[in-house]
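Now, the feature entries from TrEMBL:
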type	residues	note
TRANSMEM	56-78	transmembrane segment
TRANSMEM	98-117	transmembrane segment
DOMAIN	115-403	domain 'FAE'
TRANSMEM	250-270	transmembrane segment
ACT_SITE	CYS260	active site
ACT_SITE	HIS339	active site
DOMAIN	434-514	domain 'Beta-ketoacyl-[acyl-carrier-protein] synthase III C-terminal'
ACT_SITE	HIS435	active site
ACT_SITE	HIS439	active site
ACT_SITE	HIS468	active site
ACT_SITE	ASN472	active site
Amino acid sequence: MAREEQALLSTEIVNRGVEPSGPDAGSPTFSVRVRRRLPDFLQSVNLKYVRLGYHYLISHGVYLATIPVIVLVCGAELGSLTRDELWDKVWGEATYDLATVLAFLAVLAFTISVYIMSRPRPVYLIDFACYKPADELKVSKAEFIDLARKSGKFDEDSLAFQSRLLAKSGIGDESYMPRCVFEPNANCATMKEGRAEASAAMFAALDELFDKCRVRPKDVGVLVVNCSLFNPTPSLSAMIVNHYKMRGNILSYNLGGMGCSAGVIAVDLARDMLQASGAGLAVVVSTEAVSFTWYPGKRRSMLIPNAFFRAGCAAVLLSNRRRDFHRAKYQLEHVVRTHKGADDRAFRSVYQEEDEQRIKGLSISRDLLEVGGHALKTNITTLGPLVLPFSEQLLFFAGVLFRHLFPSKASSAAAAAPGDASAAYIPDFKRAFEHFCMHAASRDVLEHLQSNLGLRDADLEASRAALHRFGNTSSSSIWYELAYLEAKGRVRRGDRVWQLAFGSGFKCNSAVWRAVRRVRRPSRSPWLDCVDQYPARMDA
């Protein structure tokens, strides 16, 4: 166990500058920082999650097991007959009458009808819209620190800490913040400010969505809204119903406290409601109120969200009507959800609480990377059998089986050649997906994801661009990344998109979409004025 804990630690030598006073005045000073890093989760796969993935695969596709058996039996029976013998058996030896033929056709029609009706309807993504705040809400990193200093809410140590976080965050100088958080000696986490921020983002995204899809708000049968920290009464979903005067029998849901992974949860809930009610159209709204994550205190674990979270919102229109196939962009193939809340460290890794001065904030634990790594390991191990080509599954499963049957040999092989691919086979997810939309949490998290999954820089270009341009917009970040791919004109018919997000609880969720047609560059997008400057701008 000690060796496993040591493997999760990384060291960093930090230059503290020149000592200003004391016996060592004028001498350079250094310190060693020890931090936890993301676990190499693909090297320690739990076999039970592999079995869970295969269970999902087989339970949703019994035909994979039955059709080969039927074909084999029929082939063996018919293969022993010549063509003349087969013809004689069908037409010569058999006798038919009208009643027999009608009964056979009736049974066949009934069987096909039951099969079609029992199958869940496919869920299509018709279109989506991402909120682009007004230019006056743009804030550069230097302006962020300057406004935070002028607000009088932070001491110099807290300002210096946030400045260091911003410098290595991967966020550029054009992300958006509500100005109320910088008002001097004022409480920004009020219901009035929260409602104003949420309504501006949600209504702007929904107005664009309804206009793009040419859908009336009264046509929507299911509405799911997720916002983690701001949960007023009436709810955000009720605010939308009231604003657009939606119909009285709409199925509306408001998800709170689920963190950055709630966008995938909302899609999963909307899919289930469409399948259960046959409502036809569903709208999912994913947003976060930055003013309610703002922390004006001194505890460093609570200052982290200040530096990363930014304003954003996404609205998505889903449908299970077959006639919408021709105008849809994507079809939902899989949703895999992982919850690690049973573990105390995972449960408290992202925790809203008060500090010593009774100031409310969102605390980020040092265990977050390790906890997130275990959740990711579980999620992708379950997802793998559903999406990986058979050749990758075979190699991956053989490696997992070998390590579980012969743990001593596997550990000795890994110790002898830690960089050798034969020690543990890592599946190539690039063979399963053409596009990756990984939650843009921070530059450090994206780098660890890239290393562990064996992805290229191009695979995480959308995630890094979204982080640089818009910051961490919480649950809506995966939609800004998909909007980036569309603005670049990269999504073609048949391409599969993997959206992966993780958040408080601790949860890790994946959604897999398949493009049903080539997605042309949209006429309206938050990226239209800057997409041609990426990825070069990220390196500037």
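Every residue, even glycine, has its Cβ placed from backbone N, Cα and C.
Automatic, uncurated: that is what TrEMBL annotation is.
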Write down the Cα-Cα distance for HIS339 (active site) and ASN472 (active site), rounded and given in Å.
-> 22
Go through the active-site residues HIS339, HIS435, HIS439, HIS468 and tell me which ones have a CA within 10 A of the CA of CYS260 (active site).
-> HIS439
Intrachain C-beta neighbours of HIS339 (active site), sequence separation six or more, cut-off 8 angstroms | GLY505, PHE506, LYS507
Residues near HIS439 (active site) by Cβ (under 8 Å) yet at least 6 apart in sequence within the same chain, in sequence order, are CYS260, SER261, VAL445, SER463, SER477, ILE478, LEU500, ALA501, PHE502
The rounded CA-CA distance in Å from HIS435 (active site) to HIS468 (active site) is 19
May I have the DSSP-based helix, strand and coil counts for the residues of the domain 'Beta-ketoacyl-[acyl-carrier-protein] synthase III C-terminal' (434-514)?
-> 38 helix, 21 strand, 22 coil
Cβ-Cβ distance under 8 Å, sequence separation of 6 or more, same chain as HIS468 (active site); the residues meeting this, in order, are GLY170, ILE171, GLY172, TYR534, ARG537, MET538
Cβ packing number for CYS260 (active site), 10 Å threshold | 28
Let me know the model's mean pLDDT on the domain 'FAE' (115-403).
-> 91
Note down the number of other Cβ atoms within 10 Å of the Cβ of HIS435 (active site), including every protein chain shown.
-> 22
